[in-house]
Amino acid sequence: MAAMTKALPRRLVGLASLRAVSTSSMDTLPKQVKIVEVGPRDGLQNEKNIVSTPVKIKLIDMLSEAGLSVIEATSFVSPKWVPQMADHAEVLKGIQKFPGITYPVLIPNLKGFEAAVAAGAKEVSIFGAASELFTKKNVNCSIEESFQRFDAILKAAQSANISVRGYVSCVLGCPYEGKISPAKVAEVTKKFYSMGCYEISLGDTIGVGTPGIMKDMLSAVMQEVPPAALAVHCHDTYGQALANTLMALQMGVSVVDSSVAGLGGCPYAQGASGNLATEDLVYMLEGLGIHTGVNLQKLLEAGNFICQALNRKTSSKVAQATCKL
């Protein structure tokens, strides 16, 4: 009994320390998070069955109604490469433009930029990578050559007063190269920032990252680029998306990409889950007292709508749980 009595205070001290650590971690969280909804573009682009234009438009309008302030609407790529995005101009022209909401579109080159602007785009996104092999297999050039292509886009965007967002894929791992050096991610991110991208989204393309790897990567990147110019884009292939996102928030990132209903698979891991579900992200942020401006019920309705249209189950744990209640 005496031994147990002596052991108890030590255990209590341990619990108190744990509580203190987690409280101090929570103190570093942002009061507000901007969610960039990528479902209509990143989520739908790999769907085998073509989604009708009216369905895409209704989905985006429902997401706007839910209070999301940034909704990536479509991609101005060649229909030859991404047939799902062939109706990009019709979608961008057909959606309701809500005040205070931006509707960026992804573009691969200057031709895509010009088509996007002609369709009324006010913001565009460009896509790079921290992996040489991934870049070579995706766009058939080196990282340096890809930036030469981006240069023309950024100059044209500046002249047209169009905001440009950059994506860096494979920041926590590559399907071809494996581990990626944090220094390489920092180098590529710094290049995007110095060229004029107002925000750079750091993507864990194959979802292999863990909070420790996320911390190391962000520590390197934040030595070159201010946290206010960074976003994270986590995939849930290994179930780490929310944990990695929380680590990024604790380190000062306040912009997070996510996809309604978790739309968007990982093309490098058959059957694996893809994007972080927006519903799950909002639920976590609300639980932490972080403002998002998003109405979770309306968001769930948007997720339910698109899942019915696709004849598939949602990947959102929150949506799955609430439909059972």
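Each Cβ is built from the backbone N, Cα and C atoms, and glycine gets one as well.
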From Asn49, Asn244, Asn275, the one annotated by Swiss-Prot with Asp42, His233, His235 for divalent metal cation: Asn275
Fewest other Cβ within 10 angstroms of its own Cβ, chosen from the recorded positions Arg41, Lys48, Lys111, Lys179, His235: Lys48
Listed recorded positions (Lys137, His233), ranked by Cβ neighbours within 10 Å, top entry: His233
Which same-chain residues, if any, lie at least 6 apart from Asp42 (divalent metal cation binding site) yet have Cβ under 8 Å of it: Glu72, Asp257, Ser259, Leu263, Gly264, Asn275
Distance from His233 (divalent metal cation binding site) back to Lys137 (N6-acetyllysine), taken between C-alpha atoms, in Å: 21
Count of other CB atoms lying within 10 Å of the CB belonging to Asn275 (divalent metal cation binding site): 29
